[in-house]
């Protein structure tokens, strides 16, 4: 096989490289082009579609194109945040794959000059009855916990689903959030002819070589041969690197800073050069090596972790090096900025590579791949009337997709740094205090591939609205979103069709909800053999609560005697709900349409209701439907529920539909009249469901008939134990 094909390049791509250079590249140059032209680094199949997403908003300080997006939260402060995938490595080596995914996203945040304050993770696995899936799940969770806990950054939120489509290809999407003084915001740019280029942090080894290429192809049935492509992480080294970088930034005289992630020194140098429109000359014999005999090819493509590339003002390099030495870290001048337009690489006095930075970045191919919009056909109907509502509630509460994820977050230190206001499991989103202010931020990841698979456009709209509602029910105003788009092979028209429709759905949702996209990540080739994952857009979002004392809305029911209301109009569709899957299997029932306008009104209304003192709690209706959401609010508040309502829907439809855009709120009886007036003035549909009681029970009567009467303590035991039981 031709060398370029082994590296992941097509014949046409190789021809383009030769034509651009006017010569054949040598091995080092070919390797550099191959990693930078990989799907993982170049976004060559997705770029033309990603440009359709709205990226501007009043709070946006930094949009796509940098290490992370940044939004303004006032007081001269910004929030830097980004989500990225580490799917392929985690399928081969779950602990290290997940751990290094966390490490990489943390470096993206502090490269902006921000101090990381929180981690989130969005995970997808096959069904837990498979020993391999249990191995992957426990390994990934341990890897995230091991890295995050050691570095001292709390893992505060996330989401986990278990569905057949992720059997061979798990998804590990990690998000990091950091806080930055906007006046000290730093970018990954290389400028200033003669300025030195420093490589700081860990030594360079052979781990992760061609990791970016590995992430740009389908997994084989036996991925063991790819184990060397998985990087190895050292969280203690990363902690030192984090503190040293922030201290160096505080000292000043740093022009730009970039993480060495996918494609290692090749990508960090070429991306910094492209942003600064400058050349860079590198001397590889100065690079501190972990292993003897490493070639220039290996040094340029190594993805060894815990390394950063810095451009420093000439004359200040010795002071910067002293800072890193104080933290017991390597810091070496490995090059300088030139007035050319090339990345020049020297080794033992010989030029081993000389490539225009444009060839590695903006000249990478961009494909408008053929696509076929998925047909939504052979739709079926079901009659759920025969399903006992009490039995359904019990089964759903202990389903691994709904049951409390105590097994996961009890391994994470979610309190380290003492910024966490609400613990995992007690809110729809994590809430973090911004020290020195009254403010808080709410952060969340969300997405549901099964809905997207059955209707990519509506499913994508659902993912955006669901995440925004998760913030709004805490009292937060959404400021911006990042996304991780996980799909199969883009060379297949049906997969590309899913992607195009998802982008269209996200675009519509972001525009109507006024939430700009600040960046993200695309992960293609999540496919083994002919089996692709569900198309899975994962949305990460950040929102602002102006005053935690007066603006924070709890999820838990607060007071016996409070009235329970539903915001939004229930329509009863069961398409792709957990109820449908549990009792009817894979039935092609239509996905409920998403009412973005109603969702927007509710998102804007909730913080106002709290500020007016008109609601005591709020919780959005999500997985499992209204019945499960009522239980979750009751469990959190240790209070019972009485529902007495008349509806034209079947009880099963009313209680277990997962229509997005419904929110349960509790209201003091003396505030009821004012509450209803405010809600109706906002144009939001509202229904009175019942009231909070002090008993150990949930009682639901519909149309004069009791359909559920259960002890809350027994239901809570199912909810608390479901995931642990599934792992046994």
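Quick reminder: no glycine exception, Cβ is built from N, Cα and C everywhere.
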Taking 107, 286 as the options, which does Swiss-Prot list with 85, 86, 87, 88, 231, 303, 304, 305, 523 at the substrate site? 107
Tally every other Cβ atom lying within 10 Å of the Cβ atom of residue 303 (substrate binding site). 31
Candidate nearest residue 87 (substrate binding site) in space, where candidates are the binding-site residues 108, 483, 520, 521 and distance is Cα-Cα: 521
If you draw a 10 Å sphere on the Cβ of residue 82 (ATP binding site), how many other Cβ atoms land inside? 27
Can you figure out which of 82, 86, 520, 521 (the recorded positions) comes closest in space to residue 303 (substrate binding site), comparing Cα atoms? 86
In three-state terms from DSSP, label residue 85 (substrate binding site) for me. strand
Entries of 40, 82, 305 which, being recorded positions, have CA atoms within 10 angstroms of residue 108 (Mg(2+) 2 binding site): 82
